[in-house]
Each structure stands twice: as C-alpha cells, then as structure tokens.
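*Asks:* Take a look at this one; I'll ask things after.
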Amino acid sequence: MLANSTIDMDTGAVTGDPTVYSSNFQSFQTIASQVPNLLLNLLNIFIVVKGGLAGRITVGLSIVAVCVITTMAFIYVETHTWLTGFFILTIATIIILNGANGVYQNSIFGLAGELPFKYTNAVIIGNNLCGTFVTLLSMSTKAVTRNILDRAFAYFLIALITLVFCFISFLILKKQRFYQFYSTRAERQRAKNEESADNKGKMATYVATFKEAFPMLLNVFLVFFVTLSVFPGVMMYVKDEKKGGTYDFPLPKNYFMDVTTFLQFNVFAFIGSIVAGRKQWPAPNKLWIPVYLRLLYIPFFAFCNYLPETRTWPVLFESTWLFVIVAASMSFGSGYFSGLAMMYTSKTVDPSRAQVAGMMAGFSLISGIVSGLIFTMVIKMFVTA
C-alpha cells in the first residue's frame with residue numbers, strides 16, 4: 001500500500017501510472033530500513049545504558065508498536081493530495097521502526113548469549129517460523145481478497161498483536177528463575193572484570209572478544225550474505241517459462257513465486273534451524289568449509305532461468321525442478337549453518353564476554369543481510385549487462 005500512490009480507495013485496486021515515489025520506493029525503502037538497522041546494531045554493542053539489555057528490548061518493542069499503529073492509521077487515508085508529505089512520513093516511519101528493531105534484535109542476541117548456547121538458535125528458529133507464517137498469511141489473503149488495503153490492514157493488525165505477545169512473553173521471561181540465574185551470573189562476571197578496568201580496559205575487552213570470535217563472526221556474515229544475495233531478489237525472478245515460451249509447472253502460475261521462493265525458503269530454513277538445535281556438525285573449527293562452499297549458490301541461481309526476458313548471459317540450468325531442489329538445499333543450509341554459527345560464537349569467548357559476543361554476532365548477521373541485498377543488484381547488472 002505504501003509503495004504505490006495510485007490506489008483506488010473504494011476497491012483497493014492499483015490505478016493510473018506509477019508516480020516517481022512508487023517507481024523508486026523499493027530502493028528508498030531498502031536504504032531507509034537497512035542503514036539505520038545496521039548503524040544502531042553497531043552502536044548498541046558499545047553504548048552502555050543503565051538497566052542492561054532488558055530496558056532496550058522493552059523500549060525497542062514499544063517504538064516498533066507505535067510505528068505499526070501509525071502506519072495502520074494511514075492505510076485508508078486518501079493521500080494523493082499530499083504525496084510528498086506522505087512519502088516523507090513513510091520513509092521516516094521506516095527509519096524509526098528499523099532503527100528500533102535493530103536495537104531490539106541486537107539486544108535479544110546479546111541476552112541469548114548469556115544463556116546456554118542452544119537458546120541463541122531458538123532466536124533463529126523464531127525468525128524462520130515468522131517468515132513461514134507471513135508467507136502463509138500472504139497466500140491466504142491473496143486467495144480471500146484482492147483489495148490491497150484490506151490485506152495491508154490485516155498484516156499490520158496481526159503484527160501489532162504479535163508485538164503485544166512479544167512484550168508479555170518478555171515480561172514473563174524476566175520472572176523465570178532460569179533466566180534470573182544466568183542473567184545474575186553473567187552480571188557478576190562482568191562486574192568482576194570491570195572493577196579494575198578503565199576505558200582502555202573496556203575497549204580492550206571489545207577487541208579481545210572480536211579477535212577470539214572473528215572466525216565465527218565471519219561465518220555468520222557469509223551465511224547471511226549468500227542467502228540474501230539470492231533470496232528473495234534473485235529467486236523470485238526465476239521463471240518456469242523460457243523467453244517467448246509458456247508456463248508449464250504443476251503449481252498455479254500466480255502462486256509459483258509464493259511457493260517456490262518464499263514458502264519453500266522459510267519452511268526449509270525453519271527445519272534447518274531446528275536440526276541445528278539437535279545436531280551440531282561440523283565442529284566450530286570446521287564450520288568454515290560448508291559456509292565457504294555455499295558461495296557457489298550465487299553463480300548457480302544467476303545462471304538459472306533468472307530474468308529470462310532481459311538477461312544477456314545464457315541460461316545454463318533450465319530445469320525448474322533443479323531450481324526448486326537446489327533452492328531447498330540452500331534454504332535448509334541457511335537455517336542450519338546460521339544456527340550453528342550463532343550458537344558457536346558465544347562459546348568461542350570467555351563466559352563474561354558472551355553477551356558482547358552475542359551482540360557482535362547480531363551485527364554480523366545484519367551486515368551479511370545488508371551486503372547480500374546490495375550484491376543482489378550486482379548480480380542483476382551482471383546478468384543483464
């Protein structure tokens with residue numbers, strides 16, 4: 001809804017020619033969402049705020065909720081008479097929302113870093129489960145209504161309800177003896193280390209943590225870099241029909257992208273992250289091998305039937321079924337190896353620095369996502385050059 005300024009308010013149908021705002025909205029949205037997320041992830045590692053991570057998580061959730069409510073308030077408002085103002089408001093909301101989400105997500109990984117290492121993987125599982133839920137919701141609303149305004153309202157309403165449950169569950173978590181035990185233990189370890197540490201000593205702690213965790217932080221970065229280089233920006237434009245050909249895949253054409261790209265990725269990534277919680281292989285010192293091999297997915301998907309109408313390079317992998325099978329393996333590996341890398345990161349440092357290592361892993365994750373999204377544009381330019 002926010003990406004197109006020419007929507008009929010009665011039917012919710014897209015009408016007229018795209019405006020300059022709608023034509024370039026995706027690019028503006030990517031910059032406005034990822035840059036604040038990345039910067040605040042980084043700042044959140046170094047800025048010490050009284051009250052620890054719990055306060056940051058609460059404030060982050062609250063700001064995200066306010067942004068969602070603000071967005072919902074404008075869904076059914078006619079904005080064609082003040083497009084520039086509405087565009088600025090939309091971008092500002094995206095910046096604030098993703099900045100708050102960056103602090104929230106980074107703090108969650110820091111908090112999980114204090115708990116037994118499998119709990120870090122639980123955060124990854126939750127992310128992948130959320131992706132599956134959103135995809136199923138999108139497919140369901142597409143089947144029920146074609147009114148994009150009603151669909152947008154339903155999305156944001158469900159998002160708001162989910163945020164409320166997140167807030168309540170976090171309040172319950174803080175009262176659990178299990179959480180209090182590990183949180184108190186980690187706090188005592190940090191206090192003991194900080195008693196004799198000045199500002200230089202604190203910086204030395206960050207440097208030492210980074211050096212010890214760097215190989216695993218690089219693994220985290222590369223897993224998400226490869227994943228976001230091809231998903232969704234490349235995979236969603238892989239077609240069954242060849243240039244000038246006809247569609248011949250068993251799925252209905254209007255659900256091809258939903259199923260083969262979004263649903264498949266989220267389901268297999270979810271399964272992969274669950275398996276990572278039960279079976280950890282390879283060992284930390286060997287994890288780099290499969291992580292580096294995943295780089296081969298990038299040329300594979302680039303030489304599938306990606307952008308068949310505009311590509312200048314030949315298609316080397318024409319089979320749609322081959323695309324589906326390899327996409328499933330990429331998705332499973334994304335969930336599995338990201339879970340392993342995130343869990344291993346906190347184990348590579350002293351327990352007193354596990355929180356910092358977890359937050360650094362969160363920053364590596366976001367860095368990989370942002371770099372992958374940017375590299376998607378490089379792939380497109382290469383294929384169509």
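Positions of Cβ are set from backbone N, Cα and C atoms, glycine also.
Unlike curated records, TrEMBL annotations are generated automatically.
Fair warning: this is a prediction, and the values are worked out from it, not measured in the lab.
Copied straight from TrEMBL:
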TRANSMEM  56-76  transmembrane segment
TRANSMEM  82-100  transmembrane segment
TRANSMEM  121-140  transmembrane segment
TRANSMEM  152-173  transmembrane segment
TRANSMEM  216-235  transmembrane segment
TRANSMEM  255-275  transmembrane segment
TRANSMEM  287-308  transmembrane segment
TRANSMEM  320-344  transmembrane segment
TRANSMEM  356-379  transmembrane segment
*Asks:* Same chain, outside the transmembrane segment (320-344) by at least 6, Cβ under 8 Å from its Cβ: which residues?
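*Replies:* Distant contacts of the transmembrane segment (320-344): 109, 117-118, 120-121, 123-125, 128, 216, 219-220, 223-224, 226-227, 230-231, 235, 238, 240, 249, 260-261, 264-277, 280, 284, 287, 290-291, 294, 297, 300-301, 304-305, 361, 365.
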*Asks:* Under 8 Å, at least three CB pairs between the transmembrane segment (356-379) and the transmembrane segment (216-235) (pairs 6 or more apart)?
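*Replies:* Answer yes, regions in contact.
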*Asks:* Take the C-beta pairs under 8 A between the transmembrane segment (255-275) and each of 82-100, 121-140, 287-308. Which stretch has the highest count?
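*Replies:* Comparing 82-100, 121-140, 287-308 against the transmembrane segment (255-275), the winner is 121-140.
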*Asks:* Quickly jot the same-chain residues contacting the transmembrane segment (287-308) by Cβ under 8 Å, restricted to those at least six beyond its ends, or write none.
*Replies:* 215-216, 218-219, 222-223, 226, 229-230, 234-235, 237-243, 314-318, 320, 322-323, 326-327, 330, 333, 337, 340-341, 344, 375, 379-380, 382-384
*Asks:* Looking only at residues six or more beyond either end of the transmembrane segment (121-140), which have a C-beta under 8 A from one in the stretch?
*Replies:* 108-109, 112, 154-155, 158, 255, 258-259, 262-263, 265-267, 269-270, 272-274, 276-277, 335, 338-340, 342-343
